[in-house]
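Novice: The transmembrane segment annotation in Swiss-Prot covers 11-31, 32-52, 61-81, 159-179, 216-236, 241-261, 271-291, 317-337 and is backed by sequence analysis.
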Amino acid sequence: MFRYLSKRQWILLLLGILFVVAGYFILPVSVPLIIALITALFLNPAVRWMQFRFRLNRKMAVTIVFLLFVIMIGLLGTYAVTRAVTQLVELADNAPSYINQINNVLINWQNNMNSFTQNMPSEFVDKVSVELQNTIDTTTQTLSQKLQLSNIAAFAAKIPEYLISFLVYLIALFLFMLELPRLKDKMHGNFTESTSEKVKFMNARLSYVVFGFLKAQFLVSIVIFVVCLIGLFWITPEVAIVMSLIIWIVDFVPIIGSIVILGPWALYMLIVGDIAMGGQLAMLAIILLAIRRTVEPKVMGRHIGLSPLATLIAMYIGLQLIGLMGFILGPLLVIAFNSAKEAGIIRWNFKL
């Protein structure tokens, strides 16, 4: 099939391969800059609206939008850290009672197991007991290794590095927001008029699809939030609003879903002996999963024109290649490729 490729297509193919290889090594160390560029692209419509609505120059509009964005991030971060510290303190205070509850459940299980295995062969009972003890020992050893003071200290030692990355992100974001029009002009200056029109079409299509993807995720997550809020008000009204907000935020991330919160919560309630609440939480998780799997493909197909299978494959491959950043870049690359085909930049019309 390669003999049907023209010289221009060979050049584009080689450039694409070089771009992928370079990206594989460069992307992991340039995550703050890439996130800053993507954020600047998302905030650019707000900057243009400020310029049009209030007759401001580019620098003043960028400064206002940037400050509003930083204030929003600061408020959300402060709230998240405060809630996390509060929950950790409550967990530490209630840890003895949690341990006692789990011990009581384990004692009840052991008593039930002893009464259940009275008529069984002693060899079988001994084998099961040994396997259970090995599992408990392995789990305890793993938890002990993860919770060692050295690991906690190593994580704390990386906090300055994270702060530096965040500072680089903020500085790069402000500069990208200022320089976006100039960067676009320089990029289009390297193209012919025909190619420039195709690139503009691809950018417009890509922007439409990306915002459509975010809109679709938001619409699906709103449905999830309403159903989750109603269900939790019926199951545990004391924490219904807070947990619904947490589940809504987590569910906004593709693939992860509400099961990440409701699954462990239901399992814990079953372990401590609250079978009714554990079963209700598990049922709510199943209902939310069914809603997402039913509604999401239709909403996604309507807003971005990318099949759920292609989205899943792109996310998984990107996640395996370059980590969390690939989880986002994977579908974007597929969308960019499809947009380039629609614009005529890439001609994929050969047949075997």
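Backbone N, Cα and C atoms are what each Cβ position is placed from, and that goes for glycine too.
I would like each feature placed in context: is it buried or exposed, what are its neighbours, and how far apart are things?
Specialist: With a cut-off of 8 Å between Cβ atoms, the residues of this chain six or more beyond the transmembrane segment (32-52) that come close are 58, 61-62, 64-66, 69, 165-166, 168-170, 172-173, 176-177, 180, 207, 325, 328-329.
Listed by sequence, the residues of this chain that lie at least six past the ends of the transmembrane segment (61-81) yet keep a Cβ under 8 A from its Cβ atoms are 39, 43, 46-48, 50-51, 54, 170, 173-174, 177-178.
Counting residues 6+ beyond its ends, the transmembrane segment (271-291) has Cβ neighbours under 8 Å at 98, 101-102, 104-105, 108, 223-224, 227-228, 231-232, 234-236, 247, 251, 257-259, 262-263, 265 in the same chain.
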Novice: Sort out for me which stretch, of 159-179, 241-261, 317-337, has the most Cβ pairs below 8 angstroms to the transmembrane segment (11-31).
Specialist: 317-337
Novice: Can you name the far-off residues of the same chain, 6+ from the ends of the transmembrane segment (317-337), with a Cβ under 8 Å from a Cβ of it?
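Specialist: Contacts with the transmembrane segment (317-337): 23-24, 27-28, 31, 34-35, 38, 202, 206, 209-210, 213, 254, 304, 306, 310-311, 346.
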